[in-house]
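Enquirer: Annotation comment: TrEMBL describes 7-26, 46-67, 79-98, 104-126, 138-159, 165-187, 199-218, 230-249, 270-293 as transmembrane segment. The domain 'Major facilitator superfamily (MFS) profile' annotation in TrEMBL covers 13-305.
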């Protein structure tokens with residue numbers, strides 16, 4: 001076991017890892033109030049513009065479960081640096097997008113790159129902290145998760161009112177480069193042990209199909225008149241079948257991409273359900289209220305923020 005980091009390096013890496021989490025969480029809410037502005041600038045409808053939000057979330061949900069396998073295969077520090085670098089690149093590409101299709105593809109790329117950042121930043125922080133100070137470190141890190149969603153809409157609204165909407169994504173570039181530099185210098189010599197494990201290919205395919213079809217069904221349901229549409233019925237059936245098959249497969253596979261057995265622990269299950277319900281209510285209001293105020297009441301972007 002490696003000796004914990006001490007002195008100024010401990011403060012620098014704490015700030016860098018916390019900023020990484022802040023940056024990732026910020027991007028899940030910063031674009032919400034800017035959707036009407038982005039849609040208008042790119043010549044898209046309001047409903048098409050919402051894909052800027054949902055594409056990031058779906059891609060993020062798909063990449064998070066494979067973080068554990070990737071960390072063992074390439075090392076936690078290396079994966080964190082690669083993920084942050086790709087996130088910075090994707091942010092820059094989002095900012096220069098000249099069509100909605102390009103922006104959505106770049107947001108998918110950004111969401112995939114962002115997946116490992118939060119779990120790895122927490123793991124790296126705790127693994128390199130003295131045991132007696134880990135509670136304090138976790139409290140500081142958790143604060144960024146709470147604060148970032150508050151700053152996201154405010155910053156997104158201000159940028160939409162005063163700058164080009166591309167700066168919603170460009171602001172990640174300098175922050176990300178600072179994080180990469182600090183993490184490379186301090187954490188690279190402390191890389192975790194690499195283990196070669198087979199990846200659960202079938203589980204990953206089922207996860208992508210299930211989550212992707214479910215999101216498409218929910219996003220297109222209102223426009224397609226829900227289950228009066230053949231397309232929605234097909235998406236619902238594919239989603240139900242693949243997600244059910246995923247649960248069965250993961251319970252029998254030796255190297256599951258999603259360890260379903262964890263839900264045998266009551267505290268873990270209750271915690272996941274409570275967190276999911278809380279975020280469902282929170283993110284629903286964060287997305288819908290700004291759009292309602294802008295679309296119905298014609299409020300400027302900063303007002304809903």
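Keep in mind that glycine also has a Cβ here, set from the backbone N, Cα and C atoms.
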Enquirer: Report the listed stretch (79-98, 104-126, 199-218, 230-249) having the maximum count of Cβ pairs within less than 8 Å of the transmembrane segment (7-26).
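Expert: Most contacts with the transmembrane segment (7-26): 104-126.
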Enquirer: Could you check whether the transmembrane segment (104-126) and the transmembrane segment (46-67) come into contact, where contact means at least 3 Cβ pairs under 8 Å with the two residues of each pair 6 or more apart in sequence?
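Expert: These two stretches do touch.
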Enquirer: Can you tell me the mean pLDDT for the domain 'Major facilitator superfamily (MFS) profile' (13-305)?
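Expert: Taking every residue of the domain 'Major facilitator superfamily (MFS) profile' (13-305) together, the mean pLDDT is 84.
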